[in-house]
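Enquirer: I have a structure here, written as structure tokens, and I will follow up with some questions on it.
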Amino acid sequence: MRIDVISLFPEFIRESAALGVVGRAGERGLLQVQAWNPRDYATDNYRRVDQRPFGGGPGMLMLAEPLAACLGAAKAADPAPAHVVYLSPQGPRLTQARVRELAAMPRLVLLCGRYEGLDERFIEREVDEEISIGDYVLSGGELAAAVLVDAVGRLQEGALNHADSASQDSFEDGLLDCPHYTRSEAAGTEGVPAVLLSGDHAAIARWRRQQSLGRTWLRRPDLLARARLDAADRALLADFIRQWQAIQPPRA
Ligand code: ADE
């Protein structure tokens, strides 16, 4: 997969894409991330990339012309059709389900806004989708683009070392992940749930599923309300809730 990122801070994009799993995906040829700077497409002597908005008021917008020229160059760099995403707090919030869909596309172009954002006509003309990474405002789209590159990059076939580790992640089935315990010389097995030491793989799988359901119930009831649970899941959760209620201190 190829991802082109249009940003006034291309170094940040290059450096973040070179780290960890995503960096390795790049080395393995599974993911190609290229950063483009609209300033390289500015035509005036000052290489200006910002402009005052119509209607006045504080704040500047990104100048449309260098951005359009930069986007044109990025698109033309590869014949594969590009899905253009503008990272913005105005978009729908990113979910793991959407990440999976984006990860299956051959090519993305990510637009990172700075200042107060982009000209609305440019968005209407050029952008296929706006995406927000959460209900808070960042000072630019770069961190959001790095989040998207990471989430999509790690799902490229062969990027993760254990083939099944993505399918066990939080959110892959709409639930949070179960707790994990590392083998440690210093801490030994103290505080590790006995079932994990039992060697009984069916019991371990059941316990993990129950923890995943229970954690989601405790921490993210909104996710649980949308998750599809079968009868076995519902029984595990009911059992978790009973155990949890039994250890709650009495209310004063
Ligand atoms: N740019 C500024 N804030 C953002 C957010 N929350 N998500 C995506 N892009 C942004």
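Cβ atoms are placed via backbone N, Cα and C, with glycine included.
From TrEMBL, for reference:
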BINDING   Gly113, Ile133, Gly134, Asp135, Tyr136, Val137, Leu138  S-adenosyl-L-methionine binding site
DOMAIN    1-225  domain 'tRNA methyltransferase TRMD/TRM10-type'
Enquirer: Identify, among the binding-site residues Ile133, Val137, Leu138, the residue whose Cβ has the fewest other Cβ atoms within 10 Å in this structure.
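Expert: Ranked by other Cβ atoms within 10 Å, the binding-site residues Ile133, Val137, Leu138 bottom out at Val137.
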Enquirer: Neighbour count first, Cβ atoms within 10 Å, every protein chain included; then name which of Gly113, Gly134 tops the list of binding-site residues.
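Expert: Selected residue: Gly113.
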Enquirer: Please average pLDDT over the domain 'tRNA methyltransferase TRMD/TRM10-type' (1-225) for the predicted structure.
Expert: 94
